[in-house]
Amino acid sequence: MTDFFYKASGTLTPELDMKIVLKLETWLKKSFLKKILSNTMDSEAHEKRPPILTSSKQDIAPHIANVSEMRHYLCGCCAAFNNIAITFPIQKVLFRQQLYGIKTRDAVLQLRRDGFRNLYRGILPPLMQKTTTLALMFGLYEDLSCLLRKHISTPEFATRSLAAVLAGTTEAIFTPLERVQTLLQDHKHHDKFTNTYQAFKALKCHGIREYYRGLVPVLFRNGFSNVLFFGLRGPIKEHLPTATTHSAHLVNDFICGGLLGAMLGILFFPVNVVKTRMQSQIGGEFQSFPKVFQKIWLERDRKLTNLFRGAHLNYHRSLISWGIINATYEFLLKII
């Protein structure tokens, strides 16, 4: 490089030429090293810097996961609220028939005598109970199904059945709300308390056990009805006409839920009759399920028609209720 500059500089002295060349070499070396170091540092900084989009996704991902985990509970809760608000008067007529074994017309006349003011009397306990239990029913069923599949190597049917029973058992924690609802709907107790708080207070002096009177039929009904509901819901929907629009899907979900609800309502009707009788009592002996059933059987002249009095209304109520519940749940599940 020195020779090159010396030849190119004809008019300069060798000493001056040499100084210029040395300075130029030094400057080039420094510039070259700076350039290399600058490029290296930029490259390393670029590699270390996390992409903005990835960071956003990482921040948002936990929130999306939380919403996804909770949506089954939320959809179940909203479906229950919608159902109770619409079908409570029908349920009240049915309740009177189950408790007293009277005809539909007589039960309706009783409600008319009570007046419109008392028509929705007792709605708070079922509203609290149903919104909570249906949230648990749908939410826990999905969560427990996933959990059991990860830890237990059993057939799908067995896993889902166990999840359904466990969800139904957990629902029974809220039996006191169902118990208070029974007391508020029975006109024999109208003069003892007028609201949910007073009903709870009236049971307090009898101990915690009094709140759970009728627990056995509740556990039996919840567990087995959940198994049948979740087990048959899919197959029934598969046999319905293929839905191509949102409204058609809504209709199919209503039919599927309604048919299942009506069938289960008839199947477990005697269990609910016994449960209602057990829970309408305040204080006194805790009678077993078989004993109460035998007493009712004798009171109703040992006839199935008398035992199932009110079953036709229960069929229609269940058809509407579970149609609303299933359609609302599936609809909300798609949009949340």
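Glycine residues also receive a Cβ, built from the backbone N, Cα and C atoms like all the rest.
If you check TrEMBL, you get these features:
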type	residues	note
REPEAT	67-147	repeat 'Solcar'
REPEAT	155-239	repeat 'Solcar'
REPEAT	252-335	repeat 'Solcar'
TRANSMEM	250-271	transmembrane segment
For the repeat 'Solcar' (67-147), residues assigned helix / strand / coil by DSSP: 72 helix, 0 strand, 9 coil
Within the repeat 'Solcar' (155-239), residues counted as helix, strand or coil by DSSP: 70 helix, 0 strand, 15 coil
Taken over the repeat 'Solcar' (67-147), the model's mean pLDDT: 89
Counts by DSSP class (helix H/G/I, strand E/B, coil) across the repeat 'Solcar' (252-335): 67 helix, 0 strand, 17 coil
